[in-house]
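Undergrad: What TrEMBL shows for this protein is this:
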TRANSMEM  7-28  transmembrane segment
TRANSMEM  40-58  transmembrane segment
TRANSMEM  70-92  transmembrane segment
TRANSMEM  112-143  transmembrane segment
TRANSMEM  155-177  transmembrane segment
TRANSMEM  197-219  transmembrane segment
TRANSMEM  231-251  transmembrane segment
TRANSMEM  257-279  transmembrane segment
TRANSMEM  291-311  transmembrane segment
């Protein structure tokens with residue numbers, strides 16, 4: 001009974017995010033939110049809000065124990081993501097490149113920034129945001145190398161090192177390591193006006209990406225999506241295999257309970273929005289990308305709470 005109760009508690013938090021997605025979906029269907037507006041909101045979320053949430057998440061006390069926890073989490077998340085990518089490799093080989101790229105990419109990479117981070121904060125609390133930020137470093141290193149190659153693109157060092165997530169992480173990590181977040185006599189610290197501005201922008205991290213995601217889903221052909229068996233294979237890989245790997249593989253290593261739960265949740269999220277953006281950039285099948293994101297995002301309303309509660313139960317947080 002306790003498991004069922006915890007499931008519905010987490011499910012209610014996931015449903016809250018889906019209500020925000022519904023706002024974007026309805027606005028797009030009514031024509032109140034047009035593609036150019038969605039594009040501008042996506043740019044705002046990616047290039048302004050994402051770095052701010054990365055910076056703010058490092059607003060925590062720096063201790064040797066915390067550094068050890070973060071390092072352990074970074075390694076755990078990177079290993080689980082790589083294992084998930086390896087599991088995907090045998091699938092979709094016979095598909096043409098313009099469809100194989102989005103299918104393999106979407107099955108390998110989850111929507112960490114726009115869905116994973118808000119969900120981690122919603123389920124585990126604001127103090128867990130730092131795990132989402134640390135995961136972004138590993139995520140972006142893999143996405144802009146292996147992920148870009150999967151889509152048929154060329155891998156460049158500039159794309160790996162210079163992107164909104166890594167810039168925000170670099171700034172936040174500098175503030176964290178120098179102690180500039182906290183006022184201290186005789187030491188420089190970040191003025192409250194700048195701190196408050198960063199916080200206000202970071203607070204948009206939950207509603208803005210969810211509305212953008214809903215608007216993008218409004219353009220997908222849902223009827224055709226539900227009859228495409230490839231999407232169900234992708235769902236099994238992205239929504240079941242990936243979080244199951246994290247859930248089982250990390251148990252023997254006795255990670256910090258919150259770090260363990262955050263890792264499982266981040267491995268359980270539906271395909272990254274970058275699936276569609278890179279598909280468009282590389283000339284791949286954008287319609288299939290939209291269908292993949294839409295169908296798997298809807299399916300995750302069941303799988304996400306399930307794995308979140310399992311992780312909480314196994315870690316002792318429940």
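Using the three backbone atoms N, Cα and C, a Cβ is placed for every residue, glycine included.
TrEMBL labels come from automatic prediction, so no person has curated them.
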Undergrad: Sequence-remote contacts (6 or more beyond its ends) of the transmembrane segment (70-92), Cβ cut-off under 8 Å?
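TA: Same-chain residues near the transmembrane segment (70-92) but 6 or more away: 99-100, 103-104, 107-108, 130-131, 134-135, 137-139, 142, 146, 230, 233, 237, 241-242, 245-246, 249-250, 253, 255-256, 259-260, 262-263, 266-267.
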Undergrad: Of the listed stretches (7-28, 40-58, 112-143, 197-219), which one yields the highest count of Cβ-Cβ distances below 8 Å with the transmembrane segment (291-311)?
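TA: Top-ranked stretch among 7-28, 40-58, 112-143, 197-219: 7-28.
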Undergrad: Below 8 angstroms Cβ to Cβ, which residues of this chain, lying six or more residues outside the transmembrane segment (112-143), approach it?
TA: 10, 13-14, 16-17, 45-46, 50, 53-54, 56-58, 60, 70, 73-74, 77-78, 81-82, 85, 160, 163, 165-166, 168-169, 172, 205-206, 209-210, 212-213, 258-259, 261-263, 265-266, 269-270, 272-274, 297, 304, 308, 317
Undergrad: Assess whether the transmembrane segment (7-28) lies in contact with the transmembrane segment (197-219), where contact requires at least three Cβ pairs under 8 Å among residues 6 or more apart in sequence.
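TA: The transmembrane segment (197-219) and the transmembrane segment (7-28): touching, yes.
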Undergrad: Could you give the residue numbers and ranges of same-chain residues that sit at least 6 residues beyond the transmembrane segment (231-251) on either side and whose C-beta is under 8 angstroms from one of its C-beta atoms?
TA: 76, 79-80, 83-84, 87-88, 91-92, 103, 106-108, 110, 225, 260, 263-265, 267-268, 270-271, 291-292, 295-296, 299-300, 303-304, 307, 310-311, 314
Undergrad: What else in the chain is close to the transmembrane segment (197-219), if you only count residues 6 or more beyond its ends and a Cβ gap under 8 Å?
TA: 17, 20-29, 33, 35, 38, 41-42, 44-45, 48-50, 52-53, 55-56, 111, 113-115, 117-118, 121-122, 273, 276, 290, 293-294, 297
